[in-house]
Amino acid sequence: MTKKISIAIDGPAGAGKSTVAKIVADRLSYIYIDTGAMYRAFTYKAIKEHINIRSEEDLIRVLKETTIELKHDGQKQIVLLDGKDVTKEIREPDVTNNVSIVAAHKLIRDEMVARQKALGNAGGVVMDGRDIGTNVLPHAELKIFLLASADIRAERRHKENMEKGYPSDLAKIKTNILARDKQDTERKISPLRKAEDAIEIDTSFLSVDEVVSKIIHLANERIEVS
Ligand code: CDP
Ligand code: CDP
C-alpha cells in the first residue's frame, strides 16, 4: 500500500500556490486545504459584523463561535462561513486589504493553526498558505516554497480579474501585494518564510503545468520511498 504524504506549499500572494496546489491534490487524489480562505472568511465576518479588527480579544471571541468549512465540487472550492456560501465575497477588495491585519494576531493564528492541523493530520493532504511548512505541518514529507517577482504576481492577478470580468487596477493590485508581503513577512507570530527544508521554485517564467510537474515529481520520489 502506498503511504499518503503531506505536502506544504507556502509563498507570497500570486506566486501560484492555490492554482498548483489544487491540481496536485487532484492528480494524487489528495485533499486540498486553502488556509488563506479560512483567514479570508473570518475577516469577511469581522468586517460585516463591525468588529474592531485591531482588537485581538474581540476577534477571538467571535472566531471561537465561527465555523469555516472548505468543500470541494470537482475543481471548484466552496467556502462555507457559519453554513453560508461566501466563496465569492472573501475575494472582495475590502477583505484582501484587511486580512493580513486579522491574520497577524497571535490568538487568531493559534485557533486557525489548531483547526488546520486537525484537517491535515491524517496525511493525503496538499495545504497552502504562509506558515504551513514552518508551523502547521512541520513534519510534512514535501515542503515547497513558491515565489515570483511582485510585477509578475500583480499581472497574474490583474489578468485573472479581467478574465472573470471583475473591475481591476494593476497599480492597486501591486500596492496591495507589496503591503501584504510586508505585513506577512514582518509579523511577529509565524511570519511568511521558507522552511529550512523547503524546496524553492521561482515560478516567474514557468507555466502552471511546469510547476505542477516539478511538484508531482518530487511528491512521487517521497511516496515511493515512504
Ligand atoms: O490568495 P492570496 O495569496 O491572495 O492570499 P491567501 O492565500 O488567500 O491569504 C490571504 C492572507 O491570509 C495572507 O496575505 C496572509 O495575511 C493570511 N494567511 C496567513 O497569515 N497564513 C496562512 N497560512 C494563510 C494566509
Ligand atoms: O495562491 P496564490 O496567491 O499564490 O496564487 P494563485 O491564486 O494561484 O494565482 C496565481 C495566478 O497566476 C493564476 O491565475 C494562475 O493561472 C497564474 N499562474 C500560476 O499560478 N503559476 C504560473 N507558473 C503561471 C501563472
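Placement of Cβ uses the backbone N, Cα and C atoms for every residue, glycine included.
Pulled from TrEMBL, these are the features on record:
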{"type": "BINDING", "residues": "GLY11, PRO12, ALA13, GLY14, ALA15, GLY16, LYS17, SER18, THR19", "note": "ATP binding site"}
{"type": "DOMAIN", "residues": "7-220", "note": "domain 'Cytidylate kinase'"}
In the same chain, outside GLY11, PRO12, ALA13, GLY14, ALA15, GLY16, LYS17, SER18, THR19, whose C-beta lies within 8 angstroms of the Cβ mean position for the ATP site? ASP128, LEU146, ALA148, ARG153, THR203
Reduce the DSSP letter at ALA13 (ATP binding site) to three states and note it down. coil
Entries of GLY11, ALA15, THR19 (binding-site residues) sitting next to ligand 1, with Cβ under 6 Å as the cut-off: none
Integer average pLDDT (0 to 100) for the domain 'Cytidylate kinase' (7-220): 96
Neighbour count, 10 Å Cβ-Cβ cut-off, for THR19 (ATP binding site): what number do you get? 18
